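Below: the structure, in structure tokens.
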């Protein structure tokens, strides 16, 4: 056993075992960095195994005003030592001054009530709590140990508790709950001002009352106060320099309450008046004739204005992932509001903030500090917008989670490359924007790009023309273009581009045909010539015909699977051997064939798939499905105006990413080919019409053509065939219309189509909490003591084997 800094009358005593050494050091640093607790004297008591607990050790506990017990596996193992537990029971009395911190120990692991009868009266904390929770629990324990609510309470304590609560020369204690009001709370420099302080507890006239003014850069000054009545104290404010000053009220040696007052000069007051008169929010409300002043109305107006002025093709091509991670101090600016994101965070413009986060440079602006060293998230919390602070933090964390998830899915075990980084950035930007704003035009284009590339060319040209010359909103695009894209997808037409089909019919080029210029005249004789015959393939070599191929079709596919390069559906093994590997350019946007969203789907894609299933089942026709999608899109745009709706979408996206990470071990490695209903070969069965289990139409059991098998040729069939073979995932839920943005139930079932096998349960992922909003945010949390399995009540220390700690967590 060892007690560091031993002395009588300590305020905080940290009781721990060697396996919680890092948590003890962390709490000491936390108490020193907090202005409200740093004045309290802190000691530590380290309990080592096989050590005795002497009377001197007992006095260390008795003189402490707060006993903070770090309950770890090693400490619980010491409870079985002979003669130690009774001494600890006496040391942890009275219970209101004891706080326990569970370090890898669960309340249900042991019957702690049998160890300590007052266990239920202890304050409890966990390793996942925020630093404010630790500070509040310690302050509460010290406050309750100070005596009682009123400083005039002089009733004698119970004689049984006297030996355990002996205190002399109590240091100041902060009790902010006793304060009601301070008038005035702003004091003019150089002017005599009387400050009135109203408290909740009764003050004793026989005890001297004083007020202590503590400036930040000068010594403290104590001024004698006057009791106006039992609850009111008046003091003459001393002449101090401008700035915030801490004010404490003492009744004898006991701190009754503490607050902060500010001193100001005449010039500072003039500046405050001018800044309040030129309030930008009130000015804009007046300019837009918003009477009475309403921040929510102004927020919607500015958000809609920004949406209408963004180019129709969107700004996501520029990216938003410019988060500065190195040399953060160089990003501090001299302005109070260096970016529009800081402005929106200060005045609580929530919808505008959500829209700005999807614009280029959003994360770069997030990493810029103003002249006071505050970032947009801390500015929002400072001005009372805690929900906005939480939204900004979760958005940035979700971007990082999503980018990491997509990059891992794209790499699929390959070495890291700049190409995957660029593809992950672009996919993350698009998916974040489409998830927070379901039904937007960017989502419509991206949804169609993967399924009907030929139909998206017209819309893409219109988007480029609108952004280059005459900027127009997405609603101004030609209605037939949008409708044709949606209709083609819902009908399940072939997704092969037209140029690919033309190459199949014209494999020999155009030089064999007469090229006619439409602008020039041509002779009638040339027009009346018979058409040129279709070129035939090369004649086979003379000799006997090749023997019939009796190898099953599916066997060929699996035989060629081992020869193909993993992850490339459209390049054969021959071309890989003959041609060198070509890596795409870093800034080249990924093609849709690579599934840039890594199996995840936007809300619009899921709604279109649901409607496509309904069309295939005959529930609705194509025209009705188009109308349903337009109605859903309009509804989503209206709901996107709500900040709460965007919060829910962000939460669903985070949960979806977490589920996919947990389900990844279940599916294992993704297979390269999607296996549909195999074709049976039989010499006795005639050719007949069959129906697959999940197919909506008949198919013929015929032998396939003898062509070179490629993975892409088998997998990338028409949307009607591929969707029919996989419609079992969504046919059940297709009867219901998806009415919200990121539906959690739908996302649960969106397992990649190629993943059909069932694997083991998901692996537990330990989430790291984020320390935010405290003056000690720079402190790194120590490693959590891992949880131990439930065991019987320990009798000897040999029965305890604490596991090693996990790596440190933190931002």
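Heads up, the Cβ atoms here are built off N, Cα and C, so glycines get one too.
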Q: Out of 134, 231, 264, report back the residue that Swiss-Prot marks as phosphotyrosine.
A: 264
**Q.** Per Swiss-Prot record, range annotated region 'Disordered' [choices 498-524, 525-551, 552-578]
**A.** 525-551
**Q.** Alpha-carbon spacing, residue 642 (phosphoserine) to residue 264 (phosphotyrosine), which is rounded to whole Å
**A.** 41
Q. Under a criterion of Cβ-Cβ distance under 8 Å and sequence separation of at least 6, what residues of the same chain contact residue 264 (phosphotyrosine)?
A. 186, 187, 188, 189, 242, 272
Q | Secondary structure at residue 642 (phosphoserine), reduced by DSSP to three states | A | coil
Q) Residue counts in helix (H, G, I), strand (E, B) and coil for the domain 'TIR' (8-146), per DSSP? A) 65 helix, 25 strand, 49 coil
Q. Can you count the other CB atoms that lie within 10 A of the CB of residue 642 (phosphoserine)?
A. 13
Q) Over the domain 'DBB' (182-318), what does the predicted model average in pLDDT? A) 85
